[in-house]
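Features reported for this protein in TrEMBL:
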- 1-25: region 'Disordered' (REGION)
- 44-149: domain 'Thiamine pyrophosphate enzyme N-terminal TPP-binding' (DOMAIN)
- 241-357: domain 'Thiamine pyrophosphate enzyme central' (DOMAIN)
- 451-575: domain 'Thiamine pyrophosphate enzyme TPP-binding' (DOMAIN)
- Asp482, Asn509, Gly511: Mg(2+) binding site (BINDING)
Amino acid sequence: MDFKVGSLDTPKPANGDVGSLPANHVSTLKTSTSSTQLCSAEATLGRHLARRLVQVGVSDVFAVPGDFNLTLLDDLIAEPGLKLVGCCNELNAGYAADGYARSRGVGACAVTFTVGGLSILNAIAGAYSENLPIICIVGGPNSNDYGTNRILHHTIGLPDFSQELRCFQTVTCYQAIVNNLEDAHEQIDTAISTALKESKPVYISVSCNLSAIPHPTFSREPVPFCLAPKLSNSLGLEAAVDAAAEFLNKAVKPVMVAGPKLRVAKACDAFLELADACGYPVAVMPSAKGLMKETHPHFIGTYWGAVSTAFCAEIVESADAYIFAGPIFNDYSSVGYSLLLKKEKAIIVQPDRVVIANGAAFGCVLMKEFLPALAKKLQRNTTAYENYHRIYVPEGLPPRCDPKEPLRVNILFKHIQKMLSGDSAVIAETGDSWFNCQKLKLPEGCGYEFQMQYGSIGWSVGATLGYAQAAKDKRVIACIGDGSFQVTAQDISTMLRCEQNTIIFLINNGGYTIEVEIHDGPYNVIKNWNYTALVDAIHNGDGKCWTTKVQCEEELVEAIETATEVKKDCLCFIEIVVHKDDTSKELLEWGSRVSSANSRPPNPQ
């Protein structure tokens, strides 16, 4: 008899929701009496791990070899449907897994013990903060060395192998130390399923001598995962919906705001359903850009306090009720804690909890079930959107550049806007690209990613590599500052090896501009590189690559035309030379407010 379980082997989860199980695919399996018997060469721990990765939707593992993981890498390479992508360093491998997970729903990376593990740790911490399920695999010590009081290489010289584990415990939701074959199957399956359920990274250490050994627990093709869906408490859901509907239906001009946890809650479609039903104006928090259709008729832009898009903050902050779905209010998203919001006006919907103003809180209520249920109970109210429509004045265009006038950043982004389509995706590096990319109007289907919660400078190079490897149907446009690029530039090499056709705009303004606007000093000035020559040297005639340096609008127009036509199959690296003080007005405002928050004096004791 056949039975069906949720298949995890599709290339991308529905709606781009991280860690979601596609709803429109099923895999038909035979009962255990007819399960495939594997030959002993394939019935190993390493091959089991590789097959599991393929099952959950991973077709690329970003890796850096080291003596403790080499045999395991052999097993990963041997698995059909799985490609090993060698990165230049572990940090970039982690960032690539991060970018991959944003597109595909889950990512994976593989490094060696301690020297590799501690190098990738920063990227895993960033993925944890952004709720991305990444399977971080480490080749561990020989199983015979545990408990022997021996000192191993690649460690800090102590006979304690737990240093790496202790570091990962704070930035992963599950840790598996696989140093025997008897429970390896259970540990691996538990780790991977926990990553998917919690939408957080997990750590799996595999002893270097175990990967290739056959074992009976791996002798059959593993049954694909079928994760039991989380369900709301039905009474709690009903009570939360009634309370929220009563609160919102009394309001005169309510609004909706999307937050970044829409993704982990797998509630993007549910939020859209509510927006369609209620008629409220719809804004997004900055780190939720790309999670809500910007072509929606009631979309009003990014709500980011004092640096919101035009007329958005005025509508949100003057509302008498607002529903925030999945918000994160930190010092960056709140512009130094300066948002003009009042708790008594707010309904806060988290992935599994609803709080009504200063009143009741409802636990065990899933956002993806709460929002559609609320949509059925709300009275349609377009008052706030009509107010927005009345006061809205279309944004002006930046002044035209004179012939051969030095290029301005606002002119650059005017032209990037014209490049966007449903077949493109934008990666915005930490820095002024945050603010300039926020103002881009995304066509339906256009991807958008940046790392706001963790804000790691240099993240975008690896993330661009990973995202482009996962989303081969899109051409990625990455906006990267020169300071950030200097941190992680090496993996341009891996992009070329993978034959990617990303367009990278390297914005060269001579330093760490975002830090300048928070607190300036000589440490924010960096050594200028010949960036195009560097990329040409990395290219070294191997692969498809085109570079150019742009200093005026005429050169920019020509460069974009070349990148999108003649060189559309190439990795295109366009260095944009701009003045060191050419920043967005939003960064100037944001930087001063964040600086003020950072420099608050101690409270009196």
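Counting starts with 1 at the first residue shown.
Yeah, the Cβs are placed from backbone N, Cα and C, and that goes for glycine too.
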Which same-chain residues, if any, lie at least 6 apart from Asp482 (Mg(2+) binding site) yet have Cβ under 8 Å of it: Leu506, Ile507, Asn508, Asn509, Gly510, Gly511, Ile526, Asn528, Trp529, Tyr531
Shell list (Mg(2+); ref centroid = CB of Asp482, Asn509, Gly511; cutoff 8 A): Gly481, Gly483, Ile507, Asn508, Gly510, Tyr512, Thr513, Ile526, Lys580
Other CB atoms, at most 10 A from the CB of Asn509 (Mg(2+) binding site): 21
DSSP-derived helix, strand and coil totals, residue by residue, for the domain 'Thiamine pyrophosphate enzyme N-terminal TPP-binding' (44-149): 51 helix, 22 strand, 33 coil
Reported mean pLDDT - the domain 'Thiamine pyrophosphate enzyme TPP-binding' (451-575): 94
The domain 'Thiamine pyrophosphate enzyme central' (241-357) - residue tally per DSSP class, helix then strand then coil: 38 helix, 26 strand, 53 coil
Protein Cβ atoms within 10 Å of Gly511 (Mg(2+) binding site), excluding its own: 20
